[in-house]
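S.K.: Here you go, one structure.
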Amino acid sequence: MATNGSPEPGTSSTFSLSVPRIQIRRSSSDTQLDKVQIKSASVYNIHGLSGSQHSLSVPPIHKDVVGYRGSNEFILTDDKQSTMDQIKSIGPWMRRKCKNVCRRKILYKRVPILNWLPKYTMDDAVGDLVAGITVGLTVIPQALAYSSIAGLPAAYGLYGSFVGCFVYILLGSCKDVPMGPTAIASLLTFQACDGVWQRAVLLCFLSGLIELLMGLFGLGFLIDFVSGPVSSGFTSAVSLIILSSQVKDLLGIVAKGNTFIEQWTSIINDIHNTQLGDAMMGFTCIIVLLLMRLLPRVKFGPPEECDQTVMQRVINKSLWLIGTARNAIIVIVCGGIGAAFYENGKEPFRMIGDVPSGLPSVQAPPFSVPEVVNATGTVIQEYESFGDMLQNLGSMLIVIPLIALLENIAICKAFADGKPVDATQELIAIGVSNIANSFVQGYPGTGALSRGAVNNASGVRTPFGGLYTGLLVIFALLFFTPYFFYIPRAALAAIIIAAVIFMIEVRVVKPMWRSKKTDLIPGLATFVACLALPLEYGILVGIGLNILFILYHAARPKIHMDQAVTPCGVKYLMLTPDRCLIFPSVDYVRNLINKHGLKSQIPVVIDCTHIYGADFTAAQVIDTLIKDFKSRNQLLLFLNLKPSVGNVFEGADLEYRVFYDFEQLDKAIRECRRKSIGA
């Protein structure tokens, strides 16, 4: 290497290189090169940290065409470490990671209460108190109702509704998330546990553990595999299944079944045993609940609150509170009606029965199911070991954590106001919450979107609102459980039905049809599969179809074709693939390029601007493509090839020519054209 003197700041100097291979390596030293900017096929401008500019002049190498042969003459490489050096670097890497974990920034990120608690104000306290009590009035009747979806006694819904609220205050990153049972989690619990409470509590513990591990290992990205159409199809199907599961209580009949078809087959077979009292109570409650749902929309006086009189504001707030607490009001009124009939020696409705009074005992989750024998000596529940319980829970150990995260993130995004959502932190929060719930005999839960909307509308300011919700549930367990006996099952069924009918996402079909009709395919497939098959298989069908669509698009890239002309009038074909070259797509790309090349019989240029990656299979097929063009004496050139793709081609020892500006490209095409005419 020869130089023309030492460069001064702001000047440039030229280095002439005659070696067959150039290696430009990055270094953190100030004297080394920091940035490489490709200017043309023959000149590279290199900018140093000090601001000086140097240029490397690389003479044309190929004897026939100006350009570069990729296999031997030119390559940009990064520093590569040997395997032993990489092994030795593991220790320092682990020390750096441990040091980063212990940093104050990480602590504040993983324990969000440290961020907002020092700034907590009286206004925050008032907002959280109102929201917490309002959500508590919603969660108590929902917990009683959702436990019936899970096939468990009513008390287990309440057991899973208070400890998680306290844990989320410490670890939760979203103020609007109210931890507790949800309709979807309850249905999944029923399908996994079949009404055995020991399985449900163990499922809560293991689901929380898996969620915590997913959070610690940063696996929140897994929900990215559940697309919007699949999520909508799954939610809609689950809503119909939940609605169907409550028809038996609405009509006072006996029906069983896990899938939609099984449930309705059982309902039709027993519908002749419909109880008139339950049916009247249930349908009346549904109508009243739907009407009460409209009350918050009723406004007296001017639309702006500041323009309203005191009386108008009081009336509007009262209507909003009645509409929001409609579930609690229905439970209280129907419970009073049930108690009145029961005291008079009549039972026109089926009651939910005894609910154990007091708080649950704090104990480790059960790791086996004991054998239960009735008075006649008949075994009504067989013994199950821990292995048997795991086998029965099966794939739900993965499905429930993913669905729980999906529900939770939906709330965070709905009320984030454009702020980023930390899926990793939410996984940690709901994971620890479920682990804690399992020690008080709760079953899996997460944030419910309906309660999240109530929380947000109630003016919640921080996650501290969960404290008042949890305390209200504890208060109900301590003092009101004797009165829960009189609540008709039909009233709880009506509460669930009136809630889940709005979870059926019919409204997304029209915009999906307008934007991209093919998105309806995985959505509808998920919907049908979830109705006909167990839910875990249904959502796998949707995810599988999504992946097939992705693979199809990866295997069939679009290639834009332009017929261009050099300044001297020589025509050539410019082909621009729109994505990376990987093994599913390369044969398709090769055939397409060959087809256009044979049809045009003019030089072909492949614009690699959008090709950011390639693999060895792609390099082999490109090598075959180059040989195809060479065999028919047709020129094939590459434009704007990325260094990372060039490295792959270099490793496969390809003979190719690449250019980085149109001037050199035109010159190469013109010279080849001149040689072909001369020949």
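Even glycines carry a Cβ here, placed using N, Cα and C.
Keep in mind that what you see is a predicted model, and the values were worked out from it rather than measured.
According to TrEMBL, the feature transmembrane segment maps to 125-144, 150-171, 200-223, 279-298, 319-342, 393-411, 465-485, 491-509, 521-552. Under the heading domain 'STAS', TrEMBL lists 604-672.
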S.K.: Return yes if the transmembrane segment (200-223) and the transmembrane segment (319-342) have at least 3 CB pairs under 8 Å (sequence gap of 6 or more), otherwise no.
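M.R.: No, the transmembrane segment (200-223) does not contact the transmembrane segment (319-342).
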S.K.: Summarise the model's confidence over the domain 'STAS' (604-672) as a mean pLDDT value.
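M.R.: Taking every residue of the domain 'STAS' (604-672) together, the mean pLDDT is 85.
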S.K.: Which stretch from 150-171, 393-411, 491-509 shares the most C-beta pairs under 8 Å with the transmembrane segment (521-552)?
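M.R.: The stretch with the most close Cβ contacts to the transmembrane segment (521-552) is 393-411.
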S.K.: Take a look at 125-144, 150-171, 279-298, 491-509 and tell me which one has the most Cβ pairs under 8 Å to the transmembrane segment (319-342).
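M.R.: Looking at each of 125-144, 150-171, 279-298, 491-509 in turn, the most contacts to the transmembrane segment (319-342) are made by 279-298.
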S.K.: At a Cβ cut-off of 8 Å, and with pairs 6 or more apart in sequence only, do we get at least 3 pairs between the transmembrane segment (279-298) and the transmembrane segment (491-509), yes or no?
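M.R.: Yes, these stretches are in contact.
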S.K.: Taking helix as H, G and I and strand as E and B in DSSP, count the residues of the domain 'STAS' (604-672) in helix, strand and coil.
M.R.: 36 helix, 12 strand, 21 coil
S.K.: List, by number or range, the same-chain residues at least 6 past the transmembrane segment (465-485) whose CB is under 8 A from its CB atoms?
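M.R.: Contacts of the transmembrane segment (465-485) (Cβ under 8 Å, skipping residues fewer than 6 from its ends): 127-129, 131-133, 135-137, 139-140, 143-144, 154-155, 158, 161-163, 165-166, 168-169, 172, 175, 178-180, 335, 339, 351-359, 455, 458.
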